[in-house]
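One structure is given below, encoded as structure tokens.
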Amino acid sequence: MGGAARLSAPRALVLWAVLGAAAHIGPAPDPEDWWSYKDNLQGNFVPGPPFWGLVNAAWSLCAVGKRQSPVDVELKRVLYDPFLPPLRLSTGGEKLRGTLYNTGRHVSFLPAPRPVVNVSGGPLLYSHRLSELLLLFGAHDGAGSEHQINHQGFSAEVQLIHFNQELYGNLSAASRGPNGLAILSLFVNVSQVAGNSNPFLSRLLNRDTITRISYKNDAYFLQDLSLELLFPESFGFITYQGSLSTPPCSETVTWILIDRALNITSLQMHSLRLLSQNPPSQIFQSLSGNGRPLQPLAHRALRGNRDPRHPERRCRGPNYRLHVDGAPHGR
């Protein structure tokens with residue numbers, strides 16, 4: 001898919017040098033899990049983003065793909081599509097439960113098999129099932145999201161990863177096929193106002209919960225979560241065709257970027273930055289900075305359900321609300 005990436009001579013020498021050094025340090029790494037956001041962990045070389053597509057043939061799209069993510073969204077390039085329907089969320093009327101997990105790269109929430117959570121509408125032609133929620137954040141406020149809007153980053157980004165359950169049986173199969181994945185992305189700002197925090201994220205980031213996943217592989221079970229509370233009361237969205245922003249960088253993703261940011265408190269953000277990407281037996285390294293650098297948008301189309309020529313207009317009406325379980329007027 002796309003052929004082998006070609007290296008300049010100096011870059012090739014650097015790559016083979018670090019790979020040779022890595023081969024002499026400890027046991028051989030698992031090739032399917034040998035990647036990081038930083039090139040050096042615990043004194044060992046681990047491939048960072050510039051090397052993802054070079055160290056594993058199955059990840060070649062990370063280096064040579066033409067529809068990679070994340071991207072910088074310039075609002076002047078967004079094409080207004082008045083025919084985009086509203087987003088719909090289905091939970092079967094049940095509360096969400098699942099496991100909050102420190103993967104060593106992200107804060108991850110893995111929903112339990114039941115209830116099944118689906119998203120549809122917007123640019124999606126099929127119903128997509130929620131597989132995972134990821135939280136990415138930076139070491140400093142205003143720089144932690146993967147995507148940017150008009151060259152501006154946000155303190156964090158929440159990504160809801162879904163697979164097309166109508167065409168594929170699981171996330172792995174969907175990641176290899178057309179119309180396979182849908183990722184809803186919500187941006188997060190840090191508020192200096194006490195208590196000004198998104199209610200869903202507050203359930204994940206309160207002190208009693210977040211301290212249960214301080215180290216890599218720590219996990220904590222949560223229940224009675226209302227996923228619809230993650231979304232703003234009204235919002236627009238921007239969509240484009242892209243890729244997974246982690247290896248194997250499969251170009252099967254419909255991205256949907258919610259254009260109204262959420263808030264969390266400075267204390268909640270501080271708690272996130274205290275999470276370690278290592279187990280407790282190893283030196284502390286903050287989980288922050290867990291995003292891929294921006295990729296070229298090139299000639300891909302950006303579509304939105306709000307007219308960028310009139311950004312001052314408020315999002316009003318049912319098209320700018322999340323429709324929960326098919327309710328005609330949103331939540």
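Note that Cβ sites are derived from N, Cα and C of the backbone, with glycine treated the same way.
Noted in Swiss-Prot for the protein shown:
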- 322-331: compositional bias 'Basic and acidic residues' (COMPBIAS)
- ASN118: N-linked glycosylation site (CARBOHYD)
- ASN170: N-linked glycosylation site (CARBOHYD)
- ASN189: N-linked glycosylation site (CARBOHYD)
- ASN263: N-linked glycosylation site (CARBOHYD)
- 303-331: region 'Disordered' (REGION)
- 1-23: signal peptide (SIGNAL)
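Here the features listed in Swiss-Prot are placed on the structure.
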residue : record                      : Cβ neighbours (10 Å)
ASN118  : N-linked glycosylation site : 19
ASN170  : N-linked glycosylation site : 11
ASN189  : N-linked glycosylation site : 16
ASN263  : N-linked glycosylation site : 17
Between ASN189 (N-linked glycosylation site) and ASN263 (N-linked glycosylation site), the C-alpha gap once rounded to whole angstrom: 5
ASN118 (N-linked glycosylation site) versus ASN170 (N-linked glycosylation site) - Cα distance in angstrom: 13
